[in-house]
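*Asks:* The feature active site is assigned by TrEMBL to D298. Here TrEMBL flags H51, H53, D145, D298 as Zn(2+) 1 binding site. If you look up TrEMBL, you'll see H53, L54, R55, N85, N271, H302, P316, G317 marked as substrate binding site. Sequence annotations record features per position, and here TrEMBL assigns Zn(2+) 2 binding site to D145, H172, H225. According to TrEMBL, the domain 'Dihydroorotase catalytic' annotation covers 42-229.
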Amino acid sequence: MAYLLKGVSVLGAAPTDLVIKDGVIAAEPDNTAQVIDATGLVALPGLVDVHTHLREPGREDAETVDTGSRAAALGGYTAVCAMANTDPVADTAGVVEQVWRLGREAGLVDVQPIGAVTIGLAGKQLAELGAMASSAANVRIFSDDGFCVADPRLMRRALEYVKAFDGVIAQHAEEPRLTEGAQMHEGEVSTRLGLTGWPAVAEEAIIARDVLLAEHVGSRLHVCHVSTAGSVEVLRQAKARGVRVTAEVTPHHLLLTDELAAGYDPVFKVNPPLRTRKDVEALRQALLDGVIDVVATDHAPHAVQDKECEWAYARPGMLGLQTALPIVLSVFGENWDLIADRMSVAPARIAGLTGHGGDLTAGTPANLTLVDPSYRGVVDPSELASRSRNTPYAGMTLPGRIVATFLRGEATVLDGKAVK
Ligand SMILES: NC(=O)N[C@@H](CC(=O)O)C(=O)O
């Protein structure tokens with residue numbers, strides 16, 4: 001199938017016609033192409049998420065590779081990296097290959113499995129990193145996300161090991177001894193509510209340690225969901241010294257604050273926790289500066305019984321795939337170069353996903369999404385494609401609608417609806 005996107009604005013540039021044929025952006029017009037009136041629509045390279053929880057295998061009641069892929073395509077994504085904290089954990093070639101195969105079967109986005117750093121995410125022994133790297137899933141990112149690789153010697157070994165195949169360790173930076181029993185950000189609000197706090201320094205101390213380790217062994221470190229102003233400063237200094245470190249921020253940490261915990265609605269419980277306005281401001285500036293490289297969703301679907309309960313018993317995490325672009329648009333406005341770089345180009349580079357994060361010039365793979373920036377819509381949880389409902393944005397009016405998404409030239413979303 002060929003498509004002609006008529007009057008489309010590529011990254012906010014003057015309207016033009018874009019032809020998609022044989023999986024690539026075509027150089028020549030095509031008379032057989034299906035015409036899509038793209039007046040007022042902006043084309044972006046397909047979004048890439050380096051941090052998605054798809055829950056399969058093990059918690060298919062919360063999400064499956066298929067439902068998560070659907071949410072991703074509807075959110076404008078053409079590739080997602082699936083976190084390893086499944087059940088069984090993705091710590092062997094067998095499990096990462098299973099997730100990779102399920103992604104291919106769903107066929108809506110490229111699902112790139114992330115492998116666990118340690119067996120069972122237990123933080124004791126390195127998992128079979130080399131076997132996962134050389135498997136059909138071709139794993140390049142390794143993470144114990146949900147848990148920190150707290151043992152410094154293990155972290156050093158992991159960094160050394162993945163160097164051989166240009167892998168990267170994605171660290172969930174949380175010093176566990178400093179967050180025992182933590183329920184929310186440690187600060188004025190936690191004191192008022194009487195909830196045990198998760199201090200900023202628990203994140204900052206691990207990032208500081210890990211940039212030194214990465215520098216020492218000359219390996220690649222990626223920092224998951226950076227949430228504090230202090231972390232930004234540690235990263236800024238490390239990058240200035242030339243340490244091979246990249247970092248992500250979530251849409252929720254760019255928008256929401258710890259004040260939201262005051263209603264004790266567990267939909268706002270997340271790891272790392274929502275922080276203060278000062279942190280939000282620092283994270284926004286860091287994304288603009290490039291100190292933080294990418295926006296990653298940390299899409300964390302949870303079943304109703306795990307979320308709609310007392311705050312202390314609720315699992316941390318919130319949905320993100322279908323609201324990420326609207327949140328980023330609401331925070332930064334129509335800054336298309338920033339959006340394309342931080343949500344597609346840079347994440348594709350970090351994950352090593354060639355074919356994604358292109359510039360939409362003739363001959364490049366047709367992985368792209370079409371956005372209507374003039375649209376304003378109210379977030380209705382029941383309309384989300386995820387199997388779970390834990391969005392913190394329910395009832396909020398947000399800008400931007402994904403009109404169409406193309407994966408290697410095939411439409412996965414048309415007219416705002418999934419094609420299959
Ligand atoms: N980010 C979250 O709040 N939750 C994540 C894991 C985690 O990082 O705790 C999840 O898998 O649900």
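Residue numbers in this text run from 1 along the chain shown.
In case you wondered, yes, glycine gets a Cβ from its N, Cα and C as well.
Could you give the neighbours, burial and distances for every feature on this list?
*Replies:* Residues near D298 (active site) in space but far in sequence (CB under 8 A, at least 6 apart, same chain), listed by position: H51, T52, H53, C224, H225, T250, H252, V270, G317, M318, G320.
Contacts of D145 (Zn(2+) 1 binding site) defined by a Cβ separation under 8 A and a same-chain sequence distance of 6+ are given as H51, M83, A84, N85, I114, A170, H172, C224, in order along the sequence.
For G317 (substrate binding site), the number of other Cβ atoms no farther than 10 Å from its own Cβ, over all displayed protein chains, is 24. Mapped onto three states, the DSSP output places G317 (substrate binding site) in coil.
Taking all protein chains in view, 24 other C-beta atoms sit within 10 angstroms of the C-beta of H225 (Zn(2+) 2 binding site).
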*Asks:* In three-state terms from DSSP, label H302 (substrate binding site) for me.
*Replies:* coil
*Asks:* What mean pLDDT does the predicted model reach across the domain 'Dihydroorotase catalytic' (42-229)?
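*Replies:* Its mean pLDDT is 98.
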*Asks:* Anything from the binding-site residues H53, L54, R55, N85, P316, G317 with its Cβ under 6 A from ligand 1? List those in sequence order.
*Replies:* H53, N85, P316, G317
*Asks:* Over all pairs in H53, L54, R55, N85, N271, H302, P316, G317, the listed substrate binding residues, work out the largest Cα-Cα distance in Å.
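*Replies:* Those residues reach a largest Cα separation of 17 Å.
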*Asks:* Look up D145 (Zn(2+) 1 binding site) in the DSSP assignment and reduce it to helix, strand or coil.
*Replies:* coil
*Asks:* Under DSSP, is H51 (Zn(2+) 1 binding site) part of a helix or a strand, or is it coil?
*Replies:* strand
*Asks:* Applying a 10 Å Cβ distance cut-off over all chains shown, what neighbour count does H172 (Zn(2+) 2 binding site) have?
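*Replies:* Excluding its own Cβ, the number within 10 Å is 25.
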